[in-house]
């Protein structure tokens, strides 16, 4: 590699690497602005909410989605809504629970004694009927505030804390908020199926236009007896984020109630990756935008950038649910306290009434930010970092390919010849990425899952091996074309990496692009082929990279743990496969160097990083 080219690449590398601690630095953190908060009387009654929890535990225990008690509890809530004069109705939905499949894949199939390897797909998915119950109190505006809570349970008898407490608090808010005229339209929703993957809230979000939703407030586990503050569910995920004002207003309201907000993501709620080389703010941002997901019913709204807030009872010292009672038979009324219900209930009431008092600035309407305590990193810093990274990747491609691109006609001819390999590689990547979408179709219900897995992995591996082998055999003796082929295929790889990086940034975000395509952009496009030692070295590097890349893929896919058939998962796997297949083919199946060049002087001249 020429010295100028090497220095140019090292300069770009240095700028991009140095930009990380520069942009993700505490010096850019800004204080939350003061917002107006409601100062009038708050009428929420913890006593009434507590009685509703008792009633639910006594009359509707074990409210798993699809059960008789789930339907009976839905009918009771419908009756309560109508008693309050709300426009009330039920919305049924059908969903698939993949819990059997997840248990089977980790070797914990407790549903039956059959060998799961012999079962068809329909044995792993349970089709369930869920019921959302909706009550509407119309206001002066069509803009709507949703107050929601899930009523289903998982592995509990009473489900008092999770989530009769949220359901009862939602009902009490319906009582106090609809007694007088109000500006916003209020929509109270009892969601079903939260415990098996936010099924009810996702079904609602898919069915309805959300353009008029001013806020979606979710109450989940809001009665814990030893709580002394309010926990805030995640405001952002890998898919989207609630506007900044929702976090700022929550902090303002909690502060007014003499509390200190507790962020669930500080307790690992991001379920994200941890890469030690990054500074803390960058690690949090990467975790959030690569593998973050919201584990309550505000999630489907957050994913769609709808203003959302989720409240949970928390203890400032012992965090949330320190006694580990949720999803256990120990989740009984004894774990709930009236004072906690009233504290969080009045805070929720104050939050809702405060929304009407504020006109939020365009900065607070942004969904690109990072929160740390009562400070935040605004969208300009994040946008600036993203643009710099994109410019850096473009410069790496330009510096690496500039000399070759001067030979425009020759490289176009090379690409045309390579179509015989490029087309099968792309088709193979499509197969790897999108094959599992067939599970959505009825005809796949009777297909054996072991057969599908073997087909998926077998075809992906064997076809790739065949492409590499055939291309290697064809090219191995074309020593006279060594220089041109290796030069052009480096340019092809670098161009591919740049385009995939750009596409991943547009479709997902720059942080997923960094995770999935960062190593290929920085390293794999500089592959050396000059002698057998170089080939072996790069082969080992290729294997190590493939392991790392697979781990990084799982980090990205983890944001879709409850919806692994989502099209985004297939796109992620397609990108992963495209990177793997092209890199393996064009690193391994290259011609040997001309024999006359096998001396040290020629080696130095030809070697390219």
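For all residues, glycine too, the Cβ spot is worked out from N, Cα and C.
Because TrEMBL annotations are produced automatically, they should be read as predictions rather than curated entries.
The shown structure was predicted, so the numbers you read here are calculated from the model rather than taken from an experiment.
Annotated in TrEMBL:
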type: TRANSMEM; residues: 6-24; note: transmembrane segment
type: DOMAIN; residues: 132-238; note: domain 'Peptidase M28'
type: TRANSMEM; residues: 381-399; note: transmembrane segment
type: TRANSMEM; residues: 419-439; note: transmembrane segment
type: TRANSMEM; residues: 451-475; note: transmembrane segment
type: TRANSMEM; residues: 495-524; note: transmembrane segment
type: TRANSMEM; residues: 536-562; note: transmembrane segment
type: TRANSMEM; residues: 574-594; note: transmembrane segment
Checklist entry - Which numbers of helix, strand and coil residues does DSSP report for the domain 'Peptidase M28' (132-238)? => result 30 helix, 33 strand, 44 coil
Checklist outcome for this item: Contact count check, CB pairs under 8 angstroms to the transmembrane segment (574-594), set 6-24, 381-399, 419-439, 495-524; argmax is 419-439
Checklist entry - Does the transmembrane segment (381-399) reach the transmembrane segment (495-524), going by 3 or more CB pairs under 8 Å (6 or more apart in sequence)? => result yes
Checklist entry - Going along the chain, which residues at least six beyond the ends of the transmembrane segment (451-475) come within the CB cut-off of under 8 Å? => result 121, 421, 424-425, 428, 431-432, 435-436, 485, 577, 580-581, 584-585, 588-591
Checklist entry - Along the domain 'Peptidase M28' (132-238), what average pLDDT does this model show? => result 95
